[in-house]
């Protein structure tokens, strides 16, 4: 009798029929019960269906051609035609491979298409980060920027390399499938170069050690990411993210690498026919960077295995005065357009830059050696006083920025609107 009573009190899963003693958890609903095992099974089914839907969605949406990718880059990045062409082809091939991944895996020819990660080499402010950002926006994929200088080997003070994937997961709203098709841009990659050519007895945790840690991540591995971010702790659950199909773009200025290239070129030059390069000639410097070889990067401090994971190399030229002026006025989100819109919000005030003022701004950026990155700070300094006073000044129609003919100082000139004539009151 007691056994029957116990059986009557025992609860069972409405789906698989297991009793509450056979499962870890039994959740009650309105007149039904479901066990933890059935919940896991349902989650797996939903996850698989979402994955199929995402793949179908990707295959239906048209992938822009290299020409279309390059045209979009032209709207935001001035110059750098060679780098844009290389990037357009590399990114197109990468996402074409992803869209046809199921066909490739099902193929009988056993040809495995490996991904081609990208290395961007160019001076500060030449457009490396902007190129990567524009590509991610065009392709509508998660994008994250990581600073190589903050990375250290696991177990040391600093950021673990897997934190990069954690940030990418956050950028994709914790959608693992979406994150696994994203783009990671690692900036300042030249700063993790090996400190010396000879192996050291002391561990190089922020140089060669980081390169070693990045190898598997860039090539493809199952990265374990804490669900809510933060540092890893024992006994906690992790989200597994496969980095095999994540596109890694690494960028760096590689200051001084031109000397390494020049030294190699001089060794191969024979007699009086060898080219003599003027170090102060910017055009020649750009030409030198275009001749970069893997051995130059090894000499600089990157390990051969790391260079091997970045087969596509694109060099960006140093921007000259004309290019900086173009950057100020031509791109879709040009700085002059941005500040003009900001001023128009102040009661429709028009902002105008005289031609000589643009030349002065470009020359100041060249003097600071910060490339296009320095343009915004120069504009902020120039417009600070007028932006401070403008909300308190009445009846302003236009602000003109012109350059002084004596000392190249930038001066804002305020133009007031004509006061409307008052109608005579009839009494």
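The first residue you see is number 1, and the count goes up from there.
Glycine is treated like the rest: Cβ placed from N, Cα and C.
Listed in Swiss-Prot for this protein:
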{"type": "DOMAIN", "residues": "1-54", "note": "domain 'ClpX-type ZB'"}
{"type": "BINDING", "residues": "13, 16, 35, 38", "note": "Zn(2+) binding site"}
{"type": "BINDING", "residues": "123, 124, 125, 126, 127, 128, 129, 130", "note": "ATP binding site"}
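Structure coloured by features recorded in Swiss-Prot.
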residue: 13; record: Zn(2+) binding site; DSSP (3 states): coil
residue: 35; record: Zn(2+) binding site; DSSP (3 states): strand
residue: 123; record: ATP binding site; DSSP (3 states): coil
residue: 128; record: ATP binding site; DSSP (3 states): helix
Rounded Cα-Cα span from residue 125 (ATP binding site) to residue 16 (Zn(2+) binding site), Å: 62
Those binding-site residues listed as 13, 35, 38, 130, and which of them has the most Cβ atoms within 10 Å of its own Cβ: 35
Other C-beta atoms that fall within 10 angstroms of the C-beta of residue 128 (ATP binding site): 27
Residue pair residue 35 (Zn(2+) binding site), residue 129 (ATP binding site) - Cα distance, angstrom, rounded: 49
8 Å Cβ shell about 13, 16, 35, 38 centroid, Zn(2+) site members excluded: 14, 15, 17, 18, 23, 26, 33, 34, 36, 37, 39
Integer Å distance between the CA atoms belonging to residue 130 (ATP binding site) and residue 38 (Zn(2+) binding site): 47
Cα-to-Cα gap, residue 124 (ATP binding site) vs residue 13 (Zn(2+) binding site), nearest whole Å: 63
The domain 'ClpX-type ZB' (1-54) [mean pLDDT, rounded to integer]: 78
